[in-house]
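Student: Structure incoming, see below.
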Amino acid sequence: MELENIVANTVLLKAREAPGTQHHSDRHCGQIVFLPEVVVATGKEKARNGDRCFSSLISACVRIFVKVWAEYEVTPDDKRKEAAQRLLESYLNPKCTDHIPEVPSQLVSDCAERLEQGPCKDLFKELTRLTHEFLSVAPFADYLDSIYFNRFLQWKWMERQPVTKNTFRQYRVLGKGGFGEVCACQVRATGKMYACKKLEKKRIKKRKGEAMALNEKQILEKVNSRFVVSLAYAYETKDALCLVLTLMNGGDLKFHIYHMGEAGFEETRAVFYAAEICCGLEDLHRERIVYRDLKPENILLDDHGHIRISDLGLAVYVPEGQTMKGRVGTVGYMAPEVVKNERYTFSPDWWALGCLLYEMIEGQSPFQQRKKKIKREEVERLVKEVAEEYSGKFSSKARSLCTSLLCKDPRERLGCRGGGAQEVKEHPIFKRINFKRLEAGMLEPPFKPDPQAIYCKDVLDIEQFSTVKGVELESTDNDFYQKFATGSVPIPWQNEMIETECFKELNIFNMDGTVPPDLDWKGLPSPQPKKGLLQRLFSRQRTVAGTAATVRKSPPPASSPEGLTPTPGWR
């Protein structure tokens, strides 16, 4: 039994070593990842591949200027003035080599005057607006008529290819979800590692969980945040619906709080995690989503030690101007207004952040002790009526933040007074946190997981699901499955192509300025005639006998109904 666990861990660690290399992916075989001949098909999703194709068209000085200006946005405060002066001198001074004449001289003068008063984050706000406005007109129109846009369409075609279980390799089970197992998986074409959350179809149907499963999928698909797990693919098998999510190799906060030495963290580490969780909640709330299940086991660490919020099964969309009602969540982390079954918007999430910060510092939950059984009614009474106690582990600032977040009255709670996440970010305990750099992933975490460790239970210690009996799947269930299994999600898929260097490897243009063969409209091959039955049978026999044959998929026809009209809002 121990041998089975060792083998499973060894195979997973080997797969994690260097995703994207020839050993870990099949793309170098030329059979899985390729760009089709150019076709007429469009889309208007936000696109990182589109960003790169567009940037190939605009002038080098404008491209570099945009890059430098983006770097200014995340420059530390003490170096901001120097960075601003360098930007002004290098690109906005008429005497410089890379001067950009399209920028009005009056705007340059205004920026210089404001810089004399002291650098600020909004120094180039108006310049940002004008740059976007400029790029969205003439340059974007030129882009739509260029080979770079045709290349972007090729990437969109590839992105929309069907996703099945054969797209992935499957590895060991990592844990359990509400409807099935969670295992590690790897995209065969690129070597990218993910976590595959399986939702058994019969178990969903037995528990009437269709709405809950689809809600989680749609919310994950909508949110694009470095502090929330990303949904990369959604597909179905004969027995399960599958969500392919960000793989977090560092384990969850519950494991690190209670199983890595003395319970709890040093305050600096707890504050860092609280800051990242605050950013994650801000991103969710910006999309009008209340999380409702913030607790240590739902906060996961990646390879570098950054956190992401996971398991959005209880998250729900709050329409503008409306409130929600529902006693959902985990006992000990549910806010007083949730326990009382009162109406709320985002206040329960800030309460839960207070509970989590308290637990990270103290080493136990504020309203229940670990491994000590307390009736649910008693825990709820403590939540509603009794103030939490603070030990000497808390500094005055940490205690102040916890007290403000654990305010019984949601109207007085920090984060609920009208300013949202910004109220929390402005607390003195976060004074040393540069949130711009944090949101850009540029701050070093206080702890980095061991890359050779498996931060989860042994394979045999993960309890298996029992077989679902008395439930039959019907053809009427297919409508739900089709809504769920929609294939790849644009932004995560494009990130995968860039991170694994598939984009770099395939996005090749001729150095002499001529059009590459796959972008040459004149050289499009005629469609192959359909094979008859006998031809297909003989072809299959030759393949089985070992005859080498290369099969390339044909791109969708020009009249594809999936085509959408491009707009300047693309990225």
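Going from the start of the chain as shown, residues are counted 1 onward.
Yeah, the Cβs are placed from backbone N, Cα and C, and that goes for glycine too.
Per TrEMBL, the feature active site, proton acceptor maps to Asp293. Summarising the annotation, TrEMBL assigns ATP binding site to Lys206. Per TrEMBL, domain 'Protein kinase' is recorded for 168-430. The region 'Disordered' annotation in TrEMBL covers 545-571.
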Student: Hey, how far is Asp293 (active site, proton acceptor) from Lys206 (ATP binding site), Cα to Cα, in Å?
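Tutor: Roughly 23 Å, rounded to the nearest whole number.
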Student: What are the non-local neighbours of the residue listed as 'ATP binding site', defined as same-chain residues 6+ apart in sequence with CB under 8 A from its CB?
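Tutor: Set apart from the residue listed as 'ATP binding site' by at least 6 residues yet with Cβ under 8 Å, we have Val468, Gly470, Val471.
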Student: Please report the DSSP secondary structure of Asp293 (active site, proton acceptor), reduced to three states.
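Tutor: Asp293 (active site, proton acceptor) sits in coil per DSSP, no helix or strand.
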Student: Can you give me the average pLDDT across the domain 'Protein kinase' (168-430), rounded to a whole number?
Tutor: 94
Student: What is the total of other Cβ atoms whose distance to the Cβ of the residue listed as 'active site, proton acceptor' is within 10 Å?
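Tutor: If we count other Cβ atoms within 10 Å of the residue listed as 'active site, proton acceptor', we arrive at 22.
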